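Reviewing the structure listed below.
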Amino acid sequence: MLHKILFLICLASFIPTIGSISGTKDVKSKNCDGSAGLTCTFPGDCRIGDTVKVNCTSRKGCPNPVSRNNVEAVCRFCWQLLPGDYDCEPATNCSTSSTKLLVTKCSAHSSVICMGQRNFYKRIPCNWSSGYSWTKTMILSVVLGGFGADRFYLGLWKSAIGKLFSFGGLGVWTLVDVVLIAVGYIKPYDGSMYI
């Protein structure tokens, strides 16, 4: 019985320590600049797209408490913001030929007031490019394909050396490469899209 009581006392003294440690991490990771450091109360009859007056107070854990009343804001969730009102992490794992949508993490600008979480996921078009031109690759493949110039240009140096020493597979490898580049199968070494 005594060991159960001691266990509960130890557990009770340990739990606030865990909470204070995780609370400290949250405060350091929170952005307290501008509207990002505010918690705003939108009216209950708020209709999406309407301009409303909101009352805002500083978030818990942000230094320098601030209270702003009757601030004009558009009634919308953060994920409904216009593209200029948020930033997203760049998409770097796209395929070369498709323009599919990719899920990425976005966050609202600190000057924007919106409902819900300021960090959200959004589907954006996948169009990451590192500057390789499809036209230049096609020209290199047709004109100097037998020497592997197209593959050297794309950063595929291992297969380019093989193509160089076999004279483009005596022309066969060159013809196949022209078709593969035309349909977008051969892509730059980093997986980016052509410009």
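Cβ atoms here come from the backbone N, Cα and C positions, even for glycine.
Database features, via Swiss-Prot:
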- 1-20: signal peptide (SIGNAL)
- 21-136: topological domain 'Extracellular' (TOPO_DOM)
- ASN55: N-linked glycosylation site (CARBOHYD)
- ASN93: N-linked glycosylation site (CARBOHYD)
- ASN127: N-linked glycosylation site (CARBOHYD)
- 131-179: domain 'TM2' (DOMAIN)
- 137-157: transmembrane segment (TRANSMEM)
- 158-163: topological domain 'Cytoplasmic' (TOPO_DOM)
- 164-184: transmembrane segment (TRANSMEM)
- 185-195: topological domain 'Extracellular' (TOPO_DOM)
Checklist entry - Where else in the chain does the topological domain 'Cytoplasmic' (158-163) make close Cβ contacts, counting only residues six or more beyond its ends and a cut-off under 8 Å? => result 145-152, 169, 173-174, 177
Checklist outcome for this item: Tertiary contacts of the transmembrane segment (137-157), defined by C-beta under 8 angstroms and 6+ residue spacing from its ends, are 163-164, 167-168, 171, 173-174, 177-178, 181-182, 186-190, 194
Checklist entry - By a Cβ-Cβ criterion of under 8 Å, what residues six or more beyond either terminus of the transmembrane segment (164-184) are in contact with it? => result 96-97, 134, 137-138, 141-142, 145-148, 150-151, 194
Checklist entry - Reduced to three states, what secondary structure does DSSP give ASN55 (N-linked glycosylation site)? => result strand
Next on the checklist: I'd like the number of other C-beta atoms within 10 A of the C-beta of ASN55 (N-linked glycosylation site), please.
Outcome noted: 15
Checklist outcome for this item: DSSP composition of the domain 'TM2' (131-179), residue counts helix/strand/coil, works out to 41 helix, 0 strand, 8 coil
Checklist entry - Counting by DSSP, what is the helix, strand and coil composition of the topological domain 'Extracellular' (185-195)? => result 0 helix, 1 strand, 10 coil
Checklist outcome for this item: Mean pLDDT across the topological domain 'Cytoplasmic' (158-163) comes out at 92
